[in-house]
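J.: Quick one: the structure is below, and I'll ask about it shortly.
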């Protein structure tokens, strides 16, 4: 079977003069034709390819039936001068498999035509680079694919802007291994992002988040916006793993604390709860906390830019309290007495909460784009609950002053947050109009506050009862409107049901121990049962969506917004059609206005502004 060579002919123009780059043409011709072309072009001055020892060794080593790709590179003048390529004295060098080059001189008739060329054309040709033709042997396609697969030249670089090392470490490792990378990479036009978007180290502002996203948690991209990452394919798992996943840890760890309370409180002693239930739930909580923390720690290591964008998200930033609140729950639900734990544990866990308080509360007080009147959302309760949980645990461990400090800070900001959420100021347009699972976070803060105040005072006094009754009323006001919660697609936001319900059940159990009646006992048992069933149902649904349907972690769109609005025209038209706008009339009016003369009767907005400003 005759072998064939692929000849790639590329015209490289003079770059110094800013001329357009050549087009690439690749043709396949038999080897015999290529050999004849070289022999005929060489004339008497050519060195036969067979005369080269390295070439002869390469021909003998090449297996029959294999194909070798030979690329031919031509350099021609940029301007069409009307001369033949041979008039410039083209010379060729052929590289065989052994690496030896064969130089091919121009044909005699080429010299004759070059001598007859007009002087002005020859003068113009002197300013261009000497044309050369190079024929070199390339690797077979299969071997070339293997070489490229070893290197990272074909690596998908669209996610590099969110990586910690931005691909630099991978390239350095590849260079140390001695793997060459292709200098040119072809990427789809739709997946390219401007250098200003990818190379800028600044994260989007709060106003940009509000302008590009919508929904109760700002988790949905607006129809007229374009994501910085591909929307039609699945992103890497770590990039899709959000900080809100720690809500699972809150729900399960609070259950361990609930069953420990049911076992130890006198009001529920008739239930005879076994300590094994608390042990099992505590170890499950520890395992889940370790798993979620490990995954998110990997995200911090490999996709730090995505974590940074989550931290600057007006809603997601509140979930950064969740890991530390879950750890406080684990310490509170420990199957041994809490007061035996060293106080250093409490200080270590409360230090991050204190730092977050300084940042978040400072932003609420400032008049910037992250003021509370603008970013108020039910998820802000997480920034308050951490102070109450810390006060509760500190009081149980025997501390006094520090728990009171955190309780005071949490109480002051909870009152401001509660009033802001109830008022629904016109400046806050992002508050959800319909009920959402995160609305149950209204119940969490007063429930935990009542327990914390009871532990600080040593009894369930009037202050604790006031906070408990507030939480109980909010709980009932949400339950009677349960129909409004239907139709909400399952997501990690459903874990917002679990932690507040469990907190209300624990507070009810403590209240039943202070005011022991049949009604309070029944209420404690009923709310505890509802909380346990809710946590179990949400946990089963989470496992079903994670391992069966595999849609628990969709693409995390909120972190992929661009720095500036970058909408596609097709999305704008679709949004206009969905809103009932007459697209044809709009396009016609715009085209008619755009085609009018500058001296028409309808001046531009800037012209009208200037005209209105003049006397």
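Positions of Cβ are set from backbone N, Cα and C atoms, glycine also.
Owing to the predicted nature of the structure, the values given are computational and were not obtained by experimental measurement.
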J.: Which is it, of 236-253, 254-271, 344-361, that TrEMBL names as transmembrane segment?
T.: 344-361
J.: Which range, 382-399, 544-561, 562-579, 580-597, does TrEMBL list as transmembrane segment?
T.: 382-399
J.: Six or more residues beyond either end and a Cβ under 8 Å away: which residues meet both conditions relative to the transmembrane segment (382-399)?
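T.: Same-chain contacts beyond the flanks: 318-319, 321-322, 324-325, 328-329, 331-332, 338-339, 341, 343, 346, 349-350, 353, 356-357, 360-361, 406-407, 409-410, 413-414, 417, 441, 444-445, 448-449, 451-452, 455-456.
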J.: Six or more residues beyond either end and a Cβ under 8 Å away: which residues meet both conditions relative to the transmembrane segment (280-303)?
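T.: Distant Cβ neighbours of the transmembrane segment (280-303) are 162-164, 236, 238-239, 241, 243, 245-246, 248-249, 252-253, 255-256, 259, 323, 326-327, 329-330, 333-335.
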J.: For the transmembrane segment (435-454), give me same-chain residues lying six or more residues beyond its boundaries with a C-beta closer than 8 angstroms to one of its C-beta atoms, as numbers and ranges.
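T.: Distal contacts: 216-217, 377-379, 381-382, 384-385, 388-389, 391-392, 395, 403, 407, 410-411, 414, 418, 421, 460-461, 463-468, 470-471, 474-475, 478, 481, 484-485, 488, 493-497, 499-501, 503-504, 506-507, 510-511, 514.
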J.: Grab the same-chain neighbours of the transmembrane segment (518-541) for me: Cβ-Cβ under 8 Å, and only residues 6 or more beyond its ends, written as numbers and ranges.
T.: 248, 251-252, 255, 258, 262, 267-268, 270-271, 490, 494-495, 497-498, 501-502, 504-505, 508-509, 511-512
